[in-house]
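What Swiss-Prot says about this protein:
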type: TRANSMEM; residues: 24-44; note: transmembrane segment
type: TRANSMEM; residues: 65-85; note: transmembrane segment
type: TRANSMEM; residues: 87-107; note: transmembrane segment
type: TRANSMEM; residues: 129-149; note: transmembrane segment
type: TRANSMEM; residues: 159-179; note: transmembrane segment
type: TRANSMEM; residues: 196-216; note: transmembrane segment
type: TRANSMEM; residues: 227-247; note: transmembrane segment
type: TRANSMEM; residues: 255-275; note: transmembrane segment
type: TRANSMEM; residues: 280-300; note: transmembrane segment
type: TRANSMEM; residues: 329-349; note: transmembrane segment
């Protein structure tokens, strides 16, 4: 809306991506603050609460906490984006589809859990995976159709290692699946997934903006892809919406994001990494999500092979809970790890 107004009235201010990115952040933040109390009142009246696993006894007191808060910050993100973004940009539309598509998969899963009152209900693992693959396939297919380059880059190297061609499709689909489920596993404590998500969005947003900027990308010896910089506006809208969500999700949480939120965030983070040619760097940017996922993989593998557990419980944050760390201490320490690893990731951009 503002972008079109900029063209009609020849107002150069709204032509700058940085200005519209800042506005998107503020609009989304304020929208969540306005909408969330209304959603909370509705969720409490409908008993749309988070079912708690019987294996996490310390969380029994959270059984009355409403869930599906992700629906609110997705809504705020989309509204804010439509107000300030360039709607003629194909990468924006693919990003919106990715965000909403994975959010709808999570929404279907959340609804099943709420109606049954059992955290093990909802979508079956196979059904959930199938829907995620469909959304990922459409997103990657749209990228290929739009002519998006398929070269594979690694940190510290200024030229691509090779061109993936159509093999980019299965690789990117695996990325979508890995990141969405990693964020989902991390969302187990109040605000634990929210802040690392915000930090990761900021880092990837910076990378995508640089990738879309001819001068800065040339200076940093990074790949230049025309048009992707506009996605920064959508990225800051989601970051702002998550900041507003954190107002209610910080310890002690009044609302959980549910799979609606975690899957949408994970899908969008994977999309940003693809746009910024940062598929490998995402390991460092999303390090908190990576270590949570690895803890589950190692735990399951160790138990199947040796009949022994490595951790008291997986994902990793539950291990520290059982070691009697205070919940807010676990949360803040994970936030600190996310901040440090993202700082390291941004430093690597100049080392090529």
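Even glycines carry a Cβ here, placed using N, Cα and C.
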Cβ contacts the transmembrane segment (129-149)/the transmembrane segment (255-275), at least three under 8 Å, sequence gap 6 or more: yes
Cβ contacts under 8 Å made by the transmembrane segment (196-216) with residues that lie 6+ beyond its boundaries: 17, 21, 183, 186, 222-232, 235-236, 238-239, 242-243, 246, 265, 268-269, 272-273, 275-278, 281-282, 285-286, 288-289, 334-335, 338-339, 342, 345-346, 349
Positions whose Cβ lies under 8 angstroms from the transmembrane segment (329-349), at least six residues beyond its ends: 155-156, 189-192, 195-196, 199-200, 202-203, 206-207, 210, 220, 222, 251, 281, 284-285, 287-288, 291, 317, 320-321
Tertiary contacts of the transmembrane segment (87-107), as residues 6+ beyond its ends and Cβ separation under 8 Å: 3-4, 68, 70-71, 74, 77-78, 81, 123, 128, 131-132, 135, 138-139, 142-143, 146, 148, 176, 180, 184, 227-228, 230-231, 233-234, 238, 258-264, 266-268, 271, 275
Closest-packing stretch to the transmembrane segment (227-247), where packing means Cβ pairs under 8 Å, from 65-85, 159-179, 255-275, 280-300: 65-85
Ranked first among 65-85, 255-275, 280-300 for CB pairs under 8 angstroms with the transmembrane segment (159-179): 255-275
Distal contacts, the transmembrane segment (280-300) - CB-CB under 8 A, six or more residues away: 153-155, 175, 178-179, 181-183, 185-186, 193, 196, 200, 203-204, 207, 266, 269-270, 273, 309-311, 314-317, 319, 334, 337-338, 341-342, 344-345, 348
